[in-house]
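Asker: Quick one: structure below, then a few questions.
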Amino acid sequence: MQHDKVLIVDFGSQYTQLIARRVRELNIYSEIHPFNKIPTNVDDYKAVILSGSPMSVRSENAFHPDLTAIRGKKPLLGVCYGAQYLAHFSGGEVAESNTREYGRANLNFIQENEPFLEGVSEGSQVWMSHSDTIKSLPTNGKLLASTHDVKNAAYKIEGESTYAIQFHPEVYHSKDGKQILENFLVRIASVNPDWTPNAFVSETVDELKSKLGNDKVVLGLSGGVDSSVAAMLLHKAIGENLYCIFVNNGLLRKNEFTSVLEQYEGMGLNVKGVDASARFLDALAGLSDPEEKRKAIGRVFIEVFDDEAHQIQDVTWLAQGTIYPDVIESVSATGGPSATIKSHHNVGGLPDFMKLKIVEPLKALFKDEVRRVGASMEMDKQLLGRHPFPGPGLAIRILGDITAEKVRILQEVDAVFIDGLRSWNLYDKVWQAGAILLPVNSVGVMGDERTYEKVVALRAVESTDGMTADWVDLPYKFLQKVSNDIINKVKGVNRVVYDISSKPPATIEWE
Ligand code: XMP
């Protein structure tokens, strides 16, 4: 790594990943590490940021790591809990707040000529979320800014590059948050902002070249953004030694297998399309339970992939499109494991291809960064902007058992909906969209005939990471048109409904 790095110490705040993303938006590479596993090589980092936390500094089991190796030795910024802990650790006092401050607040006293707050205007809106307050500043502390309810909203420790803010600079509602982060990192800590998508591509390609040499690598393409960008990076590094496999499980969108395969071939990838639809449909026959379906699909995918990987002679590596949120070690505020709502990850035995060495070129990137890296390699905009699509595909959007006829109906319905979103310029405003085939028939009338046919639900959500989501307020005119088109064009459907549930308490998929 030839770039300056920033260490983000995570105390379990829901916003920690946002801090990392904001820092990276400044073209500065940042890494998240849990408070109880702070790397021993702090000298490798140019600056350190302490995150917020759901904890109280005053509680018995609060997170109190030793900061001796960091404070006063490295430029250090404490955010929310980070600011409180810094005060607590350095001779200040934290107490329960009389007025809890959640949400909007304004900075109403700002220290002049202070590089940390350069460009931040009087009254600047900041976002608060805390119930404790810093009652007295640490030894050598100097007040830098206040809000109406919080006197010590920003402070520094004199003689050191140590700063602290009670508010969250990482959320968009903090108007000058990014400016403050930039002041701290670039002006105060002298971090070089040179971590750009182009630099990432050229360095990653060089690293992959020296790591892989003349070795062969196999990679499963899914049609999604991550696997496609990972393939492109590897293709640039090792060309024909990258063997891509794109499996048709028969549960993709209409025409997707052929169109995506053509697109991959157009990108110059060495890709083999494997049509295993029949094998998947056989395995799904008679299954209606969502988890059973997922398991069957996972099992068959592994079998098919294993068969294909065996046909590549002397392959030694398996490439995966793993991204940063999959590998960040998270701090659990409760200490307990979270309940499994859906088994998103395929389960099964350990087939031969899984014994290969693993290469994960996107392991350091967030999803939006993967897209930017793809764009800097001039990959197709439509491919990079594609909505997420679940691995088990339409199988979990056909409630109940799956037949070839039901798949056909849903593919048609889905195509009308998605094409409609595109032609009404709504596709890019929606995070994910699709249709669900319900296991009920309803009575209708077409011409003079009574019909008794399927009901479909349409779902369109906005989200940033799929963890929470809200339904999209699509124009009535659009819904009216799509509903008419579906009922007129798709044989077997006589009713369309629109899903207006948020997640939580619902989930994005119905199964
Ligand atoms: P839920 O339904 O849990 O979905 O709100 C959140 C996101 O995950 C996707 N999803 C899956 N992805 N295998 C996948 O690869 C699965 O079994 C699976 N189930 C849900 C869903 O499409 C949404 O983007």
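Note: Cβ is positioned from N, Cα and C throughout, glycine not excepted.
TrEMBL feature annotations, pasted as is:
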- CYS80: active site, nucleophile (ACT_SITE)
- HIS168: active site (ACT_SITE)
- GLU170: active site (ACT_SITE)
- 195-386: domain 'GMPS ATP-PPase' (DOMAIN)
- SER222, GLY223, GLY224, VAL225, ASP226, SER227, SER228: ATP binding site (BINDING)
Asker: Give the sequence-ordered list of residues that share a chain with SER228 (ATP binding site), lie 6 or more positions from it, and have CB atoms under 8 Å from its CB.
Answerer: LEU221, TYR264, GLY374, MET379, LEU383, LEU384
Asker: How many whole Å apart are the CA atoms of GLY224 (ATP binding site) and CYS80 (active site, nucleophile)?
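Answerer: Spelling it out, the Cα of GLY224 (ATP binding site) and the Cα of CYS80 (active site, nucleophile) are 37 Å apart.
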Asker: Identify which of the recorded positions GLU170, GLY223, ASP226, SER227 has its Cβ surrounded by the largest number of other Cβ atoms within 10 Å, counting every protein chain shown.
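Answerer: When each Cβ's neighbours within 10 Å are tallied, GLU170 tops the list.
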Asker: Calculate the distance in Å between the alpha carbons (Cα) of HIS168 (active site) and the residue listed as 'active site, nucleophile', and round it to a whole number.
Answerer: 7
Asker: Give the residue from the recorded positions CYS80, VAL225 that has the most other Cβ atoms within 10 Å of its Cβ, counting over every protein chain displayed.
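Answerer: Counting every other Cβ within 10 Å of each candidate, the maximum falls on CYS80.
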Asker: Return only the integer: C-alpha distance in Å from ASP226 (ATP binding site) to CYS80 (active site, nucleophile).
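Answerer: A Cα-Cα distance of 33 Å.
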Asker: Compute the C-alpha separation of SER222 (ATP binding site) from GLU170 (active site), stating it in Å without decimals.
Answerer: 33
Asker: Taking the Cα atoms as reference points, how far is SER227 (ATP binding site) from GLU170 (active site) in Å?
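Answerer: Their Cα atoms are separated by 29 Å.
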Asker: Take the C-alpha atoms of VAL225 (ATP binding site) and GLU170 (active site) and report the distance between them in angstrom, rounded.
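Answerer: With the alpha carbons as reference points, the distance is 26 Å.
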Asker: If I take the alpha carbons of GLY223 (ATP binding site) and CYS80 (active site, nucleophile), what is the distance between them in whole Å?
Answerer: 41
Asker: So around the ATP site, SER222, GLY223, GLY224, VAL225, ASP226, SER227, SER228 aside, which residues have their CB within 8 A of the centroid of those CB atoms?
Answerer: LEU221, VAL229, GLY321, ARG386
Asker: Can you tell me how many other Cβ atoms are located within 10 Å of the Cβ belonging to GLY224 (ATP binding site)?
Answerer: 17
Asker: Using a 10 angstroms cut-off on Cβ to Cβ distances, just flag whichever of HIS168, SER222 is the loneliest among these recorded positions.
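Answerer: Each of the recorded positions HIS168, SER222 was scored by Cβ atoms within 10 Å; lowest is SER222.
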Asker: Where does GLY223 (ATP binding site) sit in DSSP terms: helix, strand, or coil?
Answerer: coil
Asker: So what pLDDT does the domain 'GMPS ATP-PPase' (195-386) average out to?
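Answerer: So the average pLDDT across the domain 'GMPS ATP-PPase' (195-386) works out to 91.
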